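Here is the structure we will look at.
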Amino acid sequence: MASEIGQATIWLSAFSALWAIGMLAIGLRNRNNNAIISGRNGVVATFVLISIAVAGLIYGFLTDDFSMRYVAEGSSYYQPVLYKIAALWGKMSGSLLFWLWLIALFGTIFVWRNRHTKDSLADYALIPISVVMLFFTILVSGLIRGVYNPLSRFPNGGAMPDGAGMNPLLQTPSMAFHPPILYVGFVSLTIPFAFAVGALISGRINNDWIIRSRRWTLFSWLALTVGITLGGNWAYRELGWGGYWAWDPVENASLMPWLLCTAYLHSVMIQEKRNMLKVWNIILMVLAFEFTILGTFITRSGVITSVHAFAEGDIGVYFLGFILLSLFIIIGLIVSRWEKLKSLNWLESFLSKESVFVLNNWLLIALTLIVLWGTLWPIISEAVTGQKIAVPEEFFNKTVIIPGLMLLFLTGVGPIISWRKLTLSNLKRVFSKPIILALIVLIPTISYLFLSGNIVVKVRSVYTVLCVFFSVFVLVAIADEFYRGGKLRSKRHEISLLGGFFRLIGRNKRRYGGYIVHVGIVIVYIGIMGSKGYFLLESKSVTNGQSIEIGKYQLTL
């Protein structure tokens with residue numbers, strides 16, 4: 001019964017999503033509030049229906065209903081309960097259903113949060129949200145050749161006595177947390193994307209959509225960050241020491257939206273402060289969303305080989321078609337709103353916060369393009385030469401170093417440089433202390449690298465010197481910002497320096513929260529420098545009791 005009810009609710013959810021699109025469009029066009037409310041209810045109804053379908057599938061896992069094809073292929077009688085639930089997103093059909101459920105969930109939260117909002121921007125944003133819901137509903141309905149409905153049964157009443165079980169590599173607690181958190185990051189980007197598209201449709205090209213989507217964007221960025229980190233930890237434990245990142249296509253699929261989302265979070269500050277980069281910010285948000293769909297294409301199309309990927313049927317064509325069609329429509333909207341999207345101000349100086357943020361964006365886009373090129377190269381090479389050629393890990397490691405180090409440096413420059421134009425006196429005041437302290441720390445670093453004799457001077461040693469210098473520069477610059485701000489607050493309110501710090505952070509959460517994130521980025525850089533820059537890898541054959549020397553260590557089997 002759970003199978004039949006679940007399949008029916010998936011079909012009904014397609015109609016409710018279509019209803020939401022139609023009612024919202026009619027209501028907004030004719031200014032009919034009843035139609036708009038009906039469209040909102042259609043979004044909520046879609047969530048309720050998909051929740052019933054998800055509950056039915058989980059019930060099938062928990063009751064070992066192996067007449068359901070998806071349950072039989074992803075679970076077994078003796079599989080622990082945790083992994084039976086995690087099997088929901090363990091294969092393609094279930095993961096798409098879970099993705100759809102998250103979209104419907106966030107859409108319902110969106111409706112609830114904007115239930116008392118009197119302006120129409122939120123209702124315009126509900127239209128693209130509903131379109132995305134409809135697209136994923138069609139994907140899981142069983143209409144796509146080779147992709148079955150996750151709640152369908154085996155034909156002719158067939159069943160398996162026991163399920164095939166989950167892949168043993170996936171039977172780890174990480175499977176219960178890493179994929180869903182990453183999915184949350186991907187799917188929640190639908191909301192700021194919808195705000196951007198809603199602003200284009202409505203013609204309200206101001207800062208309103210940026211302000212109202214900010215928390216959603218931060219939530220998406222945080223979920224992607226946590227998901228990528230958990231994935232790296234999982235790979236480290238499963239694949240061995242040093243295996244936390246291998247530039248696998250599916251790993252890259254999660255990194256690219258993160259890079260674009262990071263660029264957007266910096267770029268919108270210029271629009272809010274200087275009323276600039278309106279077109280660019282919309283493009284960044286649209287690309288961040290489209291790259292989440294591209295990630296599903298990479299994972300599920302089968303065109304790229306990956307240890308994480310799973311492909312069934314012709315689903316990749318539909319993802320690619322959705323990306324191209326949505327981009328075509330959005331480009332048309334941007335062209336139609338071009339006059340309203342023009343910037344009112346221009347960069348006044350290269351030495352300004354605006355210029356640093358623009359350069360930051362260029363570097364993040366460059367990194368995204370590098371990762372995209374390396375990820376899609378097997379497809380490109382097959383189309384050109386007839387042979388699918390995979391890009392080695394070394395390609396990524398070498399090409400991302402320069403833009404990566406430049407980004408690290410800008411991580412320290414951005415917080416301390418002023419808006420509009422940096423004067424010579426301010427230049428000396430804000431840069432002298434970080435540079436001097438970074439140079440002081442650099443002396444023992446250079447001594448160790450070049451004078452100890454333990455490490456041969458190579459290009460990577462130069463990169464290490466730069467990484468250490470930039471890292472210290474960033475940490476000192478941020479610490480000085482905290483100190484000067486806390487000291488000023490403590491004097492102004494006649495409280496302790498510690499109290500000044502807390503008051504400073506409490507009144508400027510956005511600014512100083514960002515600084516704390518920058519410190520975290522420095523820690524990541526230092527970790528990557530140590531693990532990728534300096535390691536010894538040797539291959540030797542040994543017998544019991546035999547010892548070998550690797551570097552300064554003697555190892556005995």
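Using N, Cα and C of the backbone, Cβ positions are placed for all residues, glycine too.
Quick caveat, the model's predicted, so the values are computed rather than measured.
The domain 'Cytochrome c assembly protein' annotation in TrEMBL covers 89-301.
Annotated domain 'Cytochrome c-type biogenesis protein CcmF C-terminal' per TrEMBL: 337-557, in sequence order.
Look at TrEMBL and you will find 6-28 (among others) tagged as transmembrane segment. For the transmembrane segment (6-28), the residues of the chain that approach it from at least six positions outside its boundaries are 34-43, 45-46, 49-50, 52-53, 56-57, 97, 100, 104, 120, 123-124, 126-127, 130-131, 133-134, 137-138, 140-142, 149, 151-152, judged by C-beta separation under 8 angstroms.
Annotated transmembrane segment per TrEMBL: 96-112 (among others), in sequence order.
Residues or ranges marked as transmembrane segment by TrEMBL: 124-144 (among others). Counting same-chain residues at least six beyond the ends of the transmembrane segment (124-144), those with a Cβ under 8 angstroms from any Cβ of the stretch are 7, 10-11, 13-14, 17-18, 20-21, 24-25, 28, 39-40, 42-43, 46, 50, 93, 96-97, 99-100, 103-104, 106-107, 110-111, 150, 152, 190-191, 193-195, 197-199, 201-202, 209, 313-315, 318, 322.
Positions annotated as transmembrane segment by TrEMBL: 181-203 (among others).
The transmembrane segment feature in TrEMBL is assigned to 215-235 (among others).
What TrEMBL records for 255-270 (among others) is transmembrane segment.
Positions annotated as transmembrane segment by TrEMBL: 282-303 (among others).
Look at TrEMBL and you will find 315-335 (among others) tagged as transmembrane segment.
The feature transmembrane segment is assigned by TrEMBL to 356-380 (among others).
The annotation transmembrane segment is assigned in TrEMBL to 431-451 (among others).
Feature annotation from TrEMBL assigns transmembrane segment to 463-483 (among others). Residues 401, 405, 408-409, 411-413, 415-416, 430, 433-435, 437-439, 441-442, 445-446, 449, 501, 504, 512, 515, 518-519, 522, 525-526, 529, 533-534 of the same chain sit 6 or more residues outside the transmembrane segment (463-483) yet have a Cβ under 8 Å from a Cβ within it.
If you look up TrEMBL, you'll see 512-530 (among others) marked as transmembrane segment.
Non-local neighbours of the transmembrane segment (431-451) in the same chain are 412, 416, 457, 461, 464-465, 468-470, 472-474, 476-477, 480; each lies 6+ residues outside the stretch with a CB under 8 Å from one of its CB atoms. Away from its own ends, the transmembrane segment (512-530) comes close to residues 404, 408, 411-412, 415, 463-464, 467-468, 470-471, 474-475, 478, 481-482, 485, 504-505 of its chain (Cβ-Cβ under 8 Å, at least six residues beyond either end).
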